[in-house]
Amino acid sequence: MGRTSSKEDAGALFHSLRSAYAATPVNLKIIDLYVGFAIFTALIQVVYMAIVGSFPFNSFLSGVLSCFGTAVLAVCLRIQVNKENKEFKDLPPERAFADFVLCNLVLHLVIMNFLG
Amino acid sequence: MATVTNTPVSDLLKSFKLKTKQQELLIRVSILCLVYILAFIIRLFSVLRYESMIHEFDPYFNYRTTLYLTQNGFYDFWNWFDYESWYPLGRIIGGTLYPGLMVTAVLIYRILHFLRFAVHIREVCVLTAPFFASNTTLVAYFFGKEIWDTGAGLVAAILIAICPGYISRSVAGSYDNEGVAIFALLFTFYLFVKAVNTGSLAWSLASAFGYFYMVSAWGGYVFIINLIPLYVLVLLITGRYSMRLYIAYNCMYVLGMLLAMQIRFVGFQHVQSGEHMAAMGVFFLMQVFYFLDWVKHMLSDTKLFQAFLRITVTCAVAVGTIALGLGMLSGYISPWTGRFYSLLDPTYAKDHIPIIASVSEHQPTAWSSFMFDYHILLFLFPAGLYFCFKRLSDATIFIVMYGLTSMYFAGVMVRLILVATPAVCLISAIAVSATVKNLTVLLRSKNKGVLTGSTKGSSSSKASSKALLDQSQPFQKNGAIALLFGAFYLLSKYATHCTWVTSEAYSSPSIVLAARGAHGNRVIFDDYREAYFWLRQNTPADAKVMSWWDYGYQITAMGNRTVIVDNNTWNNTHIATVGRAMSSYEDEAIEIMRSLDVDYVLVVFGGVTGYSSDDINKFLWMVRIGGGVFPVIKEPDYLVNGEYRVDKGAAPKMLNCLMYKLCYYRFGEMLTEYGKPPGYDRARGVEIGNKDIKLEHLEEAFTTSNWIVRIYKVKPPNNRW
């Protein structure tokens, strides 16, 4: 009894989420895709590290942190560009994107220094 | 706009045809310029009284590394292995220092040389701290403006310009990390608060760079990386979170962590050390929190969301605790190091790590120190807290947290009064500014009240209350004037106190001592530099000098000789070996000295001048540290009934140990004070017990003119027959 109801719950949850997500604008979905790709790349690196060992630890850290870093920055961009956020309605999306590019530039420069 | 009354100043300003807003801007800019100059010149007492030289002990190491950086360039500096200290171990300097201070000084030096000012690097080093103190006042102004308003910013700038808590570590000549680090600390906090207030990625990036500068400058950056997550946690718990907080913290954390790991001394601590785990924990918590918020926003049905919430929260908490537990149990995440653990548990250092307990700056703070360093700010601080709580916003919550946590730590360790100073100045500035503003509003409203009373005198319903208001006006105005005078009196007393404290207490170079002679003239004891230059000019270039670790940096910087231990204190066993040598009889000590290739031994002795920070007063710490590693040295052997004595009633081991012999050699014949027997030790106030000292394996090489520094040469072994 409990199991079927939780299964139904999970199914209903899934459908509800899917329908709500389908309503989001295309540019936000592109950003979400980017975030998903970055996290996926990070997970691959973690699995690789688990198999091979973490010897040049700075290389491992720089690889994983570049993925997480750019994912986090993309989420920040998504927040700033999303029309539903009232706090950011005065912020032109070009400015948000320029900030995003600048932060990514700094991130990757530091990563390149850290790769070793 | 408030009406401008006719004063000479405003007439003058009116003659420039300035609008009120421009007048206000002019006043503000001129105040800031004056405060900038004031912050610089109040720190120049020791340069004017003595000369432009580096003070204390640690700054000499910073000066030596800066000199190396100017001569050899950044690559050699970053990869420097120093064989002249910690003989025979050496020290990897490139990987064990915080380069921010040196790089900053060399940058200023290069800029000045580019502009064709041919200054010596020593002058730049001496004046770096006052320059950055002036910059800190500017940052305090902007921070005050962000938290409260421009009035509070101005008051904060002037308070921090002359606050003795900050002056103590940033006086001209005190070329130490804190001089630059407090600027970096306040700057990082200002940029972060600005990022939280605006929600802009650019400001978060700037705060990450500010954090990077702080990490490169001082080990106290751990305070930032723990305070900011704590602040985020408080905002999350109290429900004041917003999207801006997410953007600010995440960008700062990820970029700041990456930048910080570029400093070799910090290395991978941000992912491996227990002290940095709070930041990572809050980072993950934020991701979960905002993800749940987003899902809640997308789902219209709350029942489904509750189910989802349950699943996610249990998964996240489980994963988090498992990861943390595994990390701590397996030892991958190191626990809090002794230096920071002793802040949470102040009794820890005394029992386990005598070296940390022995440093005078690490002792708990007495009330007199608080009053001495803060004066009126001490009671303005709670008043400011009240105002902050009245008008809570993201920024005021931050400054309240900064103030409370830093005051707790300032109570635990004297040295950390410095870290609490900016918070205390800012919060007190809020109190002063808000009070003065309220009082002046009362003063101004009196005119309006009389006007409205006369014009609306016909309305009967409020006639009685207006009459009451008119009646209470005169007392209100007098009270306001009296309170304003009181406030100005307090602030002027503060200024007098700060100047006096700086002049009397915080402007001594420590390496040059001054006293009043019999006729009131000033007598200068320059013995330290005399001894170090004797070493530099009269010993072979590869001579090794053994002394207590306090003097190591000065010997390598000024004497240019190899030392056995120095102020870095990274190797406790090596220091304990030196401590053991100093506490043993001469025959045992010579074995240790020969094993370390020691050529010269340097001791500091204050018996002739009455100088009380000499090696005999520090001797018990040598015994404790030596005894901590070598159980053969037992502290009770040197005490008599628990008392530390050097006169005839002293313990026999004390009277014959190496330190005693080296300090009091030939002192028994010396007449130090009129009416006292020869061998009267002016620092301890007793006649010494063992006057007839014979040295077998050492010979006296040099004693300075006031007997403060004594250098002995280790004799080579006797010829075997």
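Each position is counted from 1, following the chain as shown.
Glycine residues also receive a Cβ, built from the backbone N, Cα and C atoms like all the rest.
Taken from TrEMBL, the feature transmembrane segment covers B:25-45 (among others).
The domain 'Oligosaccharyl transferase STT3 N-terminal' annotation in TrEMBL covers B:30-427.
Annotated transmembrane segment per TrEMBL: B:92-112 (among others), in sequence order.
Sequence annotations record features per position, and here TrEMBL assigns transmembrane segment to B:124-144 (among others).
The transmembrane segment feature in TrEMBL is assigned to B:150-168 (among others).
The feature transmembrane segment is assigned by TrEMBL to B:180-205 (among others). Counting residues 6+ beyond its ends, the transmembrane segment (B:180-205) has Cβ neighbours under 8 Å at 100-101, 104, 128-129, 132-133, 135-136, 139-140, 142-143, 146-147, 166, 169-170, 211, 213-214, 217-218, 220, 223-224, 228, 242-245, 247-252, 255, 394-395, 398-399, 402, 418-419, 421-422 in the same chain.
Beyond the ends of the transmembrane segment (B:211-234), by six or more residues, the same chain brings 98-101, 103-104, 177-178, 180-181, 184-185, 187-189, 192, 245, 249, 252, 256, 259-260, 262-263, 266, 270, 275-276, 278-279, 281-283, 285-286, 339-340, 397-398, 401-402, 405-406, 409, 419 to within a C-beta distance below 8 angstroms of the stretch. Positions annotated as transmembrane segment by TrEMBL: B:211-234 (among others).
Taken from TrEMBL, the feature transmembrane segment covers B:246-265 (among others).
Annotation source TrEMBL lists transmembrane segment at B:277-295 (among others).
What TrEMBL lists as transmembrane segment is B:307-333 (among others). Under 8 Å from some Cβ of the transmembrane segment (B:307-333) lie the Cβ atoms of residues 272-274, 277, 281, 284, 288, 291-292, 295-296, 299, all in the same chain and six or more residues away from its ends.
The transmembrane segment annotation in TrEMBL covers B:370-388 (among others). Outside the transmembrane segment (B:370-388) by six or more residues, the chain places 159, 163-165, 168, 396-397, 399-400, 403, 407, 410, 417, 421, 424-432, 434-435, 490-491, 493-494, 497-498, 501, 505 with a CB less than 8 A from a CB of the stretch.
The feature transmembrane segment is assigned by TrEMBL to B:395-411 (among others). Long-range contacts of the transmembrane segment (B:395-411) within the same chain, counting only residues at least 6 positions beyond its ends with a Cβ under 8 Å from a Cβ of the stretch, are 146-148, 189, 192-193, 196-197, 223, 227, 230-231, 234-235, 238, 240, 343, 364-365, 370, 381, 384-385, 388-389, 417, 419-420, 422-424, 426-427, 430.
What TrEMBL lists as domain 'STT3/PglB/AglB core' is B:544-602. The average pLDDT computed for the domain 'STT3/PglB/AglB core' (B:544-602) is 92.
Highest Cβ pair count under 8 Å relative to the transmembrane segment (B:150-168), across stretches B:25-45, B:124-144, B:277-295: B:124-144.
Beyond the transmembrane segment (B:124-144), the same-chain residues lying 6 or more positions past its ends with a Cβ under 8 Å from any Cβ of the stretch are 32, 35-37, 39-41, 43-44, 47, 52-54, 59, 62-63, 66, 101, 104-105, 108-109, 112, 150, 152-161, 166-167, 169-176, 179-180, 182-183, 186-187, 189-190, 193, 422, 425-426, 429-430, 433. Within the chain carrying the transmembrane segment (B:25-45), a Cβ under 8 angstroms from the stretch's Cβ atoms is held by residues 13, 18, 129-131, 133-134, 136-138, 141, 150, 154, 157-158, 160-162, 167, 170-172, 498-499, 502-503, 507, all 6 or more beyond its ends.
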